[in-house]
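Below is one structure; the comments refer to it alone.
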Amino acid sequence: MIETVIPIAFTLVALAVVLNFWRLLFGPDAPDRILALDTLYVNTIALLVLFGIYSASNIYFEAALLIALMGFVGTVALSKYLLRGDIIE
Amino acid sequence: MSLLGLVLTIFVGSMLAALVSRFGRLHAAWLSGVVVVVALIQLLFLMTPVIDGETTIERWSWIPTVGLDLVFRLDGLGMLFALLILGIGLLIVIYARYYLSERDCMGRFYAYLMLFMGAMLGIVLSENIIQLLIFWEMTSLSSFLLISYWQERSDARNGARMALAITGAGGLAMFGGFVLLGEMVGSYELSVILDSGELIRNHPQYLTVLILILLGAFTKSAQFPFHFWLPNAMAAPTPVSAYLHSATMVKAGVFLLARFFPALSNTPEWSWLVGGAGLITLLVGAIVALFKHDLKGLLAYSTISHLGLITLLFGIGTPLAAVAGVFHIINHAIFKASLFMAAGIIDHEAGSRDMRQLNGLWKYMPHTALLAMVAAGAMAGVPLLNGFLSKEMFFAEAVSAATYLQLGWILPALVTLSGIFAFAYSIRFIHDVFFNGEPIGLPKTPHEPPRWMKVPVEMLVALCLLVGILPTLTVEPLLRIAAGGVLQAPLPYFDLAIWHGLSPALLMSLIALIGGLLVYSLRYPLFRLHDRFEPYVQASKVFDALLRALHALAAAITRHTDIGSLQRMLAWFVFSALVLGISGFAAGDGILRGPRTTLPLDGVSLVAAAGVIAAALATVLLHRRRLLSLIVMGAVGLIVALIFVKFSAPDLALTQLSVEVVTIVLLLLALYYLPQRQLPESGLWRRARDGLLALAAGGGAALLSWAVLTRPFTSISDYFLDNSVSGGGGTNVVNVILVDFRGFDTLGEITVLALAALGIYAMLEHLSLSGPTVDRRGRPWDRDVHPAIMGSLTRILLPMALLVSLFILLRGHNLPGGGFIAGLVTAVALITQYLANGVRWTQARLPANMHPVIGVGLLLATLTGLGSWWFGYPFLTSTFSHMHWPIVGEFELASAMLFDLGVYLTVVGATLLILIFIGMLHSGDDTEHKPAGESA
């Protein structure tokens, strides 16, 4: 069962990554790109976890955890910049 | 009890003095006094074998891999100097407590003073000459701090800078001399060097070594033509002058002469160089001293002159002359310290140091006057005072040296001339200050100082008298031990009697006395003559001119090579790297592709590579729209992290991810102050050139990696993989390398990080910039400073993020993670609070002062390293054991984890400090959001 599901999931998430890249590179505007980066972070987490299940190893999970945490902060910082320019005030 | 402990006592005292002064003005003085007394007691115990004629050598493992050990040596010479340094140091500590005024920071003064004292002790107790040099440089640095103690005064700053430039340059020359000497002898240890006199003197490089080492000694002991820094160093507080010019600093130079006396002396070169410099300095110092109207100026030139005297004695080179030199070191230290202290008292209680104003102080401060007069008598060489005895020996040596050097009467005549002037300036010191009518225009009415300010002077003056009247009972045993340490051979016969019968020396003393009186009575015409010529002959002016020329040269070179364009510098840099790389490659076998077979290409790698290339290209194309290129760069970082994961480097991936976010925050902070849109600044041709260069460099780097990757290659990683668990007790090899195998590198790195953070803090502290009020499209910023959703969400995130970082920190030794990553995660988590909730909100809940965090982190890491010394292992040896805890189960405790905690704290502190202070640069139109720290 899981052998069949993982390649399918992998393909779907990879497709999403490609679409994220489209938004990231072609915008058209800054918020689009920030959102694209954020979604890219989310999809990367998915990819890592899938890869971990596939190779039956949990060594990739910390990276996923850290991306979850750091991706959020990066998005917050970028959004704050759009909003106020000065991010620490 | 050990010599290392003795030196460390003083250094620890220095740190403590700085700390305790927070709790009260006088604490630092008391503490320093107690510490010096403790050190003196230690010295008394350590001295016992030396008194029996032995030399104590103490060895501590330091950097064994380069053959450098901490080796201390206590022999007669070292013992004499240690006694002088600590003994006079104690008196200075007492004196300074009364000298410094309410406005002067006591903690800083005593911390510097003790630092200096420790460095001096290090010099005189070193067996290894490289170690000696390190302490030597420490004295240059700490004397810089002491001389510039009154930082607000420009003469203090200039004097300190001059002293540092001269003594620092001398130290550099001496370093060269020491290295040559060490290579010549085959050892850097004094025991070997002092026994290899024959070998050194017959070596073809003897003269080079001699000149280099003498440069160090002469700059430090203010020998002509390097003498001018000493009078300029008079801008220091008087206790500092008293200390630097009596027992320490300048005496370090003559100490060096005495130390290397058995190894380097007894050649014509030595006699001419050392004797010549000494003689000129003796004369110049004595003559100029008479013309100084400033009390401290007179004493400074007299110091120069007396140091010349000691140098000349060592230059004469006979064992007896060396004994006389050591004797005069003792005597000069005693009377000069007391004279400086007396001058300080006069300055303190009369408000002036100008001898044209100070007259007739006998009536106002008879007690001080008496003390100063006795000390000045010793300086002049009046019988029954200590200066007389060594001066008499000096005269006798000059006479006997003249006979065997076949100089005839020249040497005795010049020496007598210096004696005449020494007498004249000593009389001037006494007569002009304490008699000669009434004071003229003093800012306050002079009076006696506090009781304890005079006590140190009284003790020293008592010593002058005791040594002068009863030399054989007081100073002779000490002199014999010390001179034995200098000569490293049996002592010549000498007799410290006051009356030697009618000798040439006595005649010279008489001539000096009468001549001195005569010169003094003729002083006014001499002053007028001096005033006419003085502007033309000033060594410090020559020095300033040289320095200005050097600055101009450096500026001219900079102007012609660096036009301040980053593009051009980078273009040259990349271009030369390319040329070097290509020529290096062409010189080799020229085959790019190695014999290894390539691994099969898989889909994931292909996609990742395509992604990173696309994102990198986009960054380049979008680089004029800075925000957009920053966003795309975020994607590049992410993919790079994924590549690390793919190639089994989870630690690198975690580090990359954390660094990525910190970078985004940092760049966003900077972006705010940059123009929102950047126009092309360079022409098409130049852009094409730069593009080609960049392509060539990037392509070259790729080809090189290809060449490396396709070749079979064995790295050192197997060693680490094999020894990680057995040697460091951790299964995460990366972390074990960081905290154990290469722990010393990590310690260096976090120190650099801490310094960088403090440097940035220092530069930004009072800077404030104004940013744009509208965004890129001209719309005003949103009025909602901290949107509620953002604020609430990040607050929930904080505990989770801290938990994650704790998790990463604790598991780091065995699984991916560690202090560095955990530190970045914590810093990012805290920064998020600043982002979403503002500086004020966050600082109300979290102390903003990151300096203690950095300090504790560094201290923890260093102490963990030092801890292994305690158990007798080399620095930073880690130890570990496994414990069984209830519930938690098997748990490992490694000392490396404490080290990692230090790394963690330093990273958190440094990152936060940098980001917060860049964030608070904004002056803001909106005063409501000013950071709390700034209004305080």
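Heads up, the Cβ atoms here are built off N, Cα and C, so glycines get one too.
Noted in TrEMBL for the protein shown:
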DOMAIN    B:62-110  domain 'NADH-Ubiquinone oxidoreductase (complex I) chain 5 N-terminal'
DOMAIN    B:126-406  domain 'NADH:quinone oxidoreductase/Mrp antiporter transmembrane'
DOMAIN    B:612-676  domain 'MrpA C-terminal/MbhD'
DOMAIN    B:685-766  domain 'MrpA C-terminal/MbhE'
DOMAIN    B:790-912  domain 'Na+/H+ antiporter MnhB subunit-related protein'
TRANSMEM  B:6-23  transmembrane segment
TRANSMEM  B:30-51  transmembrane segment
TRANSMEM  B:132-150  transmembrane segment
TRANSMEM  B:242-264  transmembrane segment
TRANSMEM  B:367-389  transmembrane segment
TRANSMEM  B:460-482  transmembrane segment
TRANSMEM  B:502-522  transmembrane segment
TRANSMEM  B:604-622  transmembrane segment
TRANSMEM  B:627-647  transmembrane segment
TRANSMEM  B:692-709  transmembrane segment
TRANSMEM  B:746-764  transmembrane segment
TRANSMEM  B:785-809  transmembrane segment
Between 0 and 100, where does the mean pLDDT of the domain 'Na+/H+ antiporter MnhB subunit-related protein' (B:790-912) sit?
81
Stretch of maximal Cβ-Cβ contact with the domain 'NADH:quinone oxidoreductase/Mrp antiporter transmembrane' (B:126-406) [cut-off: under 8 Å; candidates B:62-110, B:612-676, B:685-766]:
B:62-110
With DSSP helix as H/G/I and strand as E/B, how many residues of the domain 'NADH-Ubiquinone oxidoreductase (complex I) chain 5 N-terminal' (B:62-110) fall in helix, strand and coil?
32 helix, 9 strand, 8 coil
Using a Cβ-Cβ cut-off of under 8 Å, list the residues of the same chain that are 6+ residues beyond the ends of the transmembrane segment (B:604-622) and lie near it.
628-629, 632-633, 635-636, 639-640, 642-643, 646
Can you tell me how the residues of the domain 'MrpA C-terminal/MbhE' (B:685-766) break down into helix, strand and coil by DSSP?
68 helix, 0 strand, 14 coil
Going by DSSP, how much of the domain 'MrpA C-terminal/MbhD' (B:612-676) is helix, how much is strand and how much is coil, in residues?
53 helix, 0 strand, 12 coil
